[in-house]
Amino acid sequence: MTAKLIDGKAIAASLRQQIAKRVAERSQQGLRTPGLAVILVGSDPASQVYVSHKRKDCEEVGFISQAYDLPADTTQAALTDLIDRLNEDAAVDGVLLQLPLPAHLDASLLLERIRPDKDVDGFHPYNVGRLAQRIPLLRPCTPKGIMTLLESTGVDLYGLDAVVVGASNIVGRPMAMELLLAGCTVTVTHRFTRDLAGHVGRADLVVVAAGKPGLVKGEWIKPGAIVIDVGINRQEDGKLVGDVVYETALPRAGWITPVPGGVGPMTRACLLENTLYAAETLHD
């Protein structure tokens, strides 16, 4: 048995087409164009690539994209003032602060400064709390994208044993809440979990977001399980690999996401989806 691939690039492209269609319909109806403001502090190469992709995505679907590229020595006060201005700007539906930030800046305070109805990354405690209370509003983009990928398989998630490897605020913790909402029985683990192999081996569904290449071995995977690999790690030879050993997981899994081309494109597409949702549901 070889796993079926969950093609994140194709699913994300379809989602972008749907969003672009809706933006065009809004224009025909005389409604305003959704707007996304993206703040980049410093010149981290990976962040610059991510931000350029997000701006390109905005152009593709017809959003208005506002770019704020700030020097690495930007102060906390200056960033706070910018966020406050964007919070009050009626043309802006979403404010995205690209992480990581330079060490002298307090990311938590800045993320909390973004108004919850413009927090299209879904990182604000208000939005995380809504998800925890089973009344999600703006959902964290990567877990939201993963749920869309899982829906594409047609597999009924209700009652499945799900294991999340990684407990970050951005992926692991909100992912566990999304899976609970879908009716899974969820175990949250991390790279220091005792008998990680045992936990993974019992799972019908595994979501790995630990940021450690090759952490989850293919032979750990339960035959037929769904494997979602959030990891994206660049090797010395330049090749991108996930947190799962793909080659040995492929013959055991029922479904699997590739790296690259799996989760990453969906994270970006869900940022657009959240921005459209904010425009139509929270701001119109």
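The backbone N, Cα and C atoms fix where each Cβ goes, glycine too.
Look at Swiss-Prot and you will find G166, A167, S168, I232 tagged as NADP(+) binding site, backed by sequence analysis. In the three-state DSSP reading, S168 (NADP(+) binding site) counts as coil.
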List every residue in the same chain as G166 (NADP(+) binding site), at least 6 positions away in sequence, whose Cβ is under 8 Å from its Cβ. G172, T189, H190, R191, V207, V208, A209, A210, G211, V230, D243
Can you check what DSSP calls I232 (NADP(+) binding site), collapsed to helix, strand or coil? coil
Only counting partners 6 or more residues apart, tell me which same-chain residues put their Cβ under 8 Å from the Cβ of S168 (NADP(+) binding site). A209
To see if you understand the setup: which same-chain residues, six or more apart in sequence, place their Cβ under 8 Å from that of I232 (NADP(+) binding site)? L240, G242, V259, P260, G264
